[in-house]
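Listed in TrEMBL:
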DOMAIN    226-321  domain 'Ig-like'
DOMAIN    409-481  domain 'Ig-like'
DOMAIN    501-595  domain 'Ig-like'
DOMAIN    604-700  domain 'Fibronectin type-III'
DOMAIN    702-797  domain 'Fibronectin type-III'
DOMAIN    898-993  domain 'Fibronectin type-III'
DOMAIN    1007-1095  domain 'Ig-like'
Amino acid sequence: MLGHMGHLPDELLELVLNEMPCFYLSFISEGGSTELSGLFVEKPPEGVVANAGSDVTLIAKVDSTSLTRKPVMKWLKGKWMDLGSKAGKHMQFKETYDRNTKIYTYEMKIIKVVAGDAGGYRCEVTAKDKCDSCTFEITVEVAQQEEKADILSAFKRADAGEDDGDLDFSALLKATKKQEEQPEIDVWELLKSAHPSEYEKIAFKYGITDLRGMLKRLKKMHAPEPKHTEAFLKKLDSCYSVDKGKKIVLTCEVVDPNVQVKWLKNGQEIKPSAKYVMEANGNIRTLTINRTTLADDAAYECVVGEDKSFTEVFVKEPPVTITKLMDDYHVVVGERVEFEIEVSEEGAHVMWFFEDVELHKDKDSKFRFKKDGRKHTLIIPEATLEDIGMYHAWTNGGHTKGELEVEEKQLEVLQDIADLTVKATDQAVFKCEVSDDKVTGKWFKDGVEVLPSDRIKMTHVGRFHKLVIDDVKPEDAGDYTFVPDGYALSLSAKLNFLDPPKIHLDTTGNMVSQNTIIVVAGNKLRLDVEITGEPAPTVVWTKGEKIVTETEGRIRVESRKDLSCFVIEGAEREDEGNYTICVTNPAGEDKANLFIKIVDVPDPPENVKCTGVGEDTASMIWDPPKYDGGAPVKGYLMERKKKGSSRWTKLNFDVYPDTTYEAKRMIEGILYEMRVFAVNSIGLSPPSLTSKPFMPIAPTSEPTRLSVHDVTDSTCSLKWLAPEKIGAGGLDGYVIEYCKEGDTEWVVANQELCERQGFVVRGLPVGEKINFRVVAVNIAGRSPPALLGQPVTIREIMEHPKIRLPRALRTKYIRKVGEKINLVIPFQGKPRPVAIWYKDGQPVDPKMVNVRSSNVDTILFIRAAEREHSGTYELVLKIENMEDRATVIMRVVERPGPPVNVRVTDVWGFNAALEWDPPTDDGNCEITGYTIQKADQKTKEWFTVYEHNRRTNCTVSDLIMGNTYQFRVYSENLCGLSEEPRVSKNTAVIAKTGVIYTLMFDMSCMPKFTQPLVDRSVVAGYSTAISCSVRAFPKPKIIWMKNKMIIDDNPKYLMVNNQGVLTLRIRKPSTFDGGVYMCRAINELGQDEVECKLNVQGENSLHSTDKTVLTTKIITW
């Protein structure tokens, strides 16, 4: 159709384009990306005639063979009305797909056509970059007398009360109820003659819910001729259309640019707000409505005096699509079913259908509906066979369906009946479980139905069925069956009646009680137990948790008919314990518990030791045996012997009941040993372990020369000498005791024995007079006490303060910058003196110097010395009004600065004279000398000319003719050379003479060292170098060796050869790098070598060397 538009006249083409939907205009513009192609294989007929009240079905088919994705179908009425949003009882849409032909079939069904369904329709199909469209028209034929009623019903909305701007023709689905005959009223005439403010009242009175649609139809049917007005140059358009949420502007033009206008909505004046913006620009008057909603779908007026301009605004709501389709369900009866879909917007209205019946949320309905955001769910709590079918979900922009299949439940046996074996008077319970808790059934015994009685009870709880038989009797034995009602199924089990087992235990013989058997160790035990029961029971013997299964061996079980024998050959102590015999058969079990007790001689006593001795006696003690042999211990027998002898002497012949014993009639000074035997009713135990040797001895004599060494306000220090007579028992220690003068109760001052001959008694009351005594203690006990002649008054003795300055600090104390200073100065005095440090007459600054003092010394500590720490330090030691002083002169030195004004004063021949001034900074100590170096302008390499030069001038000789020399000078003091040298301001030029020398002799010579290696001592960790010089021609090969081993490419060593000056640099040597180093030069004429000894010392050696040099300098000064 579009291809032939080029042959139409311009006026007709413009008319067609104005009436054509925007969808088609996109294809006429050049460069469009969507291709218009023939996708329809079947289209609805162009003209469809339908009778009012009948159903109409329109079908369109699309071939998807060449499509990459599923096509999308839209059914439209007029220019823009999407009928998908009107899906419901009046309009239904269906979609099917044939997998074989790959053809989609789309159906639109209009139920009970009304006159309002007449008009032009269009169906559009799109699939990515392809599309197709077709148009058709529906004509509705109605009876003449019902035309007016049908036209009115066409404007009824599906959901009364909703403010929806779109026309909803689905309301025609509702059948017109027959009402009682009333006088006919022409609503059209009422609306024509009524004022617009009365429209809503008329619509409410006569049931017209779609008033705006009716007014629009009324305008089309009876378009009034435009009325000439003097207030408006251009009125509002007859109607406006806007998408929901968008902005719309209503514009008109008035004659008077200064006139005021009013805007009305459905007859009500509109007030300016953020939503409604009213503007006047010259003759133009505009009303802007922001963010339109369905409530803005209304009639609007612009009023100027008595003149008015009317218009209508239609708000289009986008269709709600289904983003997640419904799934099919296959369940069994009673299961829960949830059909779930997702829509494109929250709060959307979704209609659910079962087959062709709409499902509603009623109180008696089995269906439940759930909304969660964009998710909508149809829930069937318990599915039945009546629920089988197709379920549909409709929105105004989509449709989905799902099929529900329900199967009947098969009765399943979850728990079968089990066979029972019971004995007399027991209870028998048959129990089964089936899958359906509503199934009933009957019980049978040997084919005869079981009836309930006092002993027999039948229960049905949920899925469980029980048959309970109390006080079982022999006649209850048989086959029992449960038959569910309505099912060809039966469950069977058997009831067996049995005699339980019994143990007949003989309690005579070895049984001392009903369940205890005593056996003497080494004897044999044989226990015969009679057993009855039918069928023959199984016998199990256990000791504790261990089962005895052996039929041969020392411990065994012998089985005979109606008899079980338990045998222990040669009973041992480990055989004692609880034994259990258990007999079981299907009728039950029986148990008997036995305790077999093994009695034996006791274990030997333990921990035999001597607790005290006298001149001829000794007190002994021991512990009872851990095991008494199963019988109480009656007493003990003791024996003793001299150490080294094998002859034991009995000390008692009658059993001694206690565990302590005093042995008598021994010889003092002789070592004895002792052992003990335990006795019970079975016999004599083995002997105990021999005690440690002990010696009968007497205590020592008292300590001698007890005296007071020191007294403070709370302590007293005592000293004494050892006792004159100690004896063979030796001396273990001393006990110090004290008491106040006049008291008789002595207090022990030491918790443990004091092994030294001195002790400090603490915690004494000040000012009290205290008596002291000391007792010596050994194995024999306490000696007589040693007493002081008179009580001691507890009060501290005053002692003058005295500083003991170390010899090294009595002279000037010199340290280098950065070194640690730690001065420890001991002192004495009582009570504790107070130590105060001063520097140059002022108290020391704690931020620069750390001071710590104790009872006996004071320490001045500087972590890193600086030059400002130099000065005179004074220590003042005070005790009340007494004091002592000591002075320490400290000097902190560092390297000096470079000399000043280095200059060349004279040059003659091969000599140059230098002079300079001393450095401005001497490093806080005397300048000991200068180091002078030279360098010619060609090589720029520096060589040392003089070291330790004490004067401020020198003469440099042996300069080479024709060279220009520059000089530099280092200052040197106790710390070493200055950090930087001072370079001479001018240079020395050695002029050439006019003499021309002709070389007439051969320059070749074998290697000869002109400067040998020199022995050196270096400090570990500081890089060093050794140098020598050699003369040879041709150029020699240089080899360095350490301890006669050639030094290869070792990164620790760097070998340099500069015009015959050979240097070996050693990086951060350690003590292992010390040794004999040799340098060998070789050429074709011969070789020469030199060697030196390198001594690597630790850092401690450096400090001692520094002290020695410092002392020497001071003495020299």
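Backbone N, Cα and C atoms are what each Cβ position is placed from, and that goes for glycine too.
TrEMBL does not curate its annotations; it predicts them automatically.
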Residues of the domain 'Ig-like' (501-595) by DSSP state, where helix covers H, G and I: 3 helix, 58 strand, 34 coil
Tally of DSSP helical, extended and coil residues in the domain 'Ig-like' (1007-1095): 3 helix, 58 strand, 28 coil
Tally of DSSP helical, extended and coil residues in the domain 'Fibronectin type-III' (898-993): 0 helix, 53 strand, 43 coil
Considering the domain 'Ig-like' (501-595), which listed stretch of 409-481, 898-993, 1007-1095 counts the most C-beta pairs under 8 Å: 409-481
Residue distribution over DSSP helix, strand and coil in the domain 'Ig-like' (409-481): 3 helix, 36 strand, 34 coil
For the domain 'Ig-like' (409-481), mean pLDDT (0 to 100): 88
